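If you look up TrEMBL, you'll see 1-19 marked as signal peptide. Taken from TrEMBL, the feature active site applies to 69. Here TrEMBL flags 84-135 as disulfide bond. Sequence annotations record features per position, and here TrEMBL assigns active site, proton acceptor to 93. Here TrEMBL flags 140 as active site, proton donor.
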């Protein structure tokens, strides 16, 4: 009986040490609800590490492309991150491309001159006292054949 008590106590003490840190997914999937030409749903995979890097590169000032710019979250997206979901959070959005698209949005390049063309995907981040806090990735709900987005935003998961 003592052996069982000792074993349970040891297991309880070691449980937190054995539990690894909570990690975020390496990729997210963006699924606009409709393609305007085909009516089908397209799926876009986005690398979270690339999204975070793009947010840092974009920074907190708008470039010649008009991006990044403030995102007021009229879509009521819950990112699950305190600095992003709190009332009065200062959010920014910046266009990014999906896995397989060999391009990067250029902050100081006009939108119609972007080397990768249009994109419906945005990285969202918060300004926390001048520091960039990654919130997540979102997509327009409707996409056309040129991958231009329309309507409201949906969180990519």
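A Cβ is built for glycine as well, from the same backbone N, Cα and C atoms used for every other residue.
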- Site with most surrounding Cβ atoms, counting all protein chains shown within 10 Å, from the active-site residues 69, 140: 140
- What's the most sparsely packed of the disulfide-bonded residues 84, 135, counting other C-beta atoms within 10 A? 84
- Note on the structure: What DSSP gives for the residue listed as 'active site, proton donor', in three states, is strand
- Take the C-alpha atoms of residue 69 (active site) and residue 93 (active site, proton acceptor) and report the distance between them in angstrom, rounded. 6
- Query: Where the residue listed as 'active site, proton acceptor' and residue 84 (disulfide bond) are concerned, what is their Cα separation in Å, rounded?
  - Reply: 12
- Round to the nearest Å and give the CA-to-CA distance linking residue 84 (disulfide bond) with the residue listed as 'active site, proton donor'. 19
- Task: Look up residue 84 (disulfide bond) in the DSSP assignment and report helix, strand or coil.
- Result: helix
- Message: Applying a 10 Å Cβ distance cut-off over all chains shown, what neighbour count does the residue listed as 'active site, proton acceptor' have?
- Response: 23
- Query: By the DSSP assignment reduced to helix, strand and coil, which category contains residue 135 (disulfide bond)?
  - Reply: strand
